[in-house]
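Working notes, beginning with the structure itself.
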């Protein structure tokens, strides 16, 4: 008879201490770091000033690679840099057109007021006594 295979033990296991339990306390799981890849792709495709969207895309890809490798701290750092570059890219994309629009509106209002004042000046009738 072959006894190489384990057999079922007919004896019931007896615990060494009655009521002894092992409890593991785990902290709250941290959410995985964000890489902002979609935002970086849109920033890159919009072709903003100084190629900030391209830099954001590079850091987003680095963050995703580090997350896959398991280095969550490096992924968090690269994701933070990608977020900063995305914010800068959005600001460089939105602020200059808004400033230009503000300058055009204030310039148009100033020219309208200037034209109104000059029209009033040229419509004034002078008497002959004013030239003496």
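Each residue, glycine too, has its Cβ placed from N, Cα and C.
Now, the feature entries from Swiss-Prot:
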| type | residues | note |
| --- | --- | --- |
| REGION | 1-21 | region 'Disordered' |
| TOPO_DOM | 1-36 | topological domain 'Extracellular' |
| COMPBIAS | 1-11 | compositional bias 'Basic and acidic residues' |
| TRANSMEM | 37-57 | transmembrane segment |
| LIPID | 50 | S-palmitoyl cysteine |
| LIPID | 51 | S-palmitoyl cysteine |
| TOPO_DOM | 58-86 | topological domain 'Cytoplasmic' |
| LIPID | 84 | S-palmitoyl cysteine |
| TRANSMEM | 87-107 | transmembrane segment |
| TOPO_DOM | 108-132 | topological domain 'Extracellular' |
Taking all residues of the topological domain 'Extracellular' (1-36) together, what is their mean pLDDT?
67
Rounded to the nearest Å - Cα separation of residue 50 (S-palmitoyl cysteine) and residue 84 (S-palmitoyl cysteine):
14
For residue 84 (S-palmitoyl cysteine), just count the other CB atoms lying within 10 A of its CB, please.
15
Pop the Cα-Cα gap between residue 84 (S-palmitoyl cysteine) and residue 51 (S-palmitoyl cysteine) into the table, whole Å please.
13
Checking distant contacts: for the topological domain 'Cytoplasmic' (58-86), what same-chain residues at least six beyond its ends satisfy Cβ-Cβ under 8 A?
30, 32-37, 39-40, 43, 52
Which one of these recorded sites, 50, 51, has the sparsest Cβ neighbourhood, judged by other Cβ atoms within 10 angstroms?
50
By DSSP, what is the split of the topological domain 'Cytoplasmic' (58-86) into helix, strand and coil residues?
27 helix, 0 strand, 2 coil
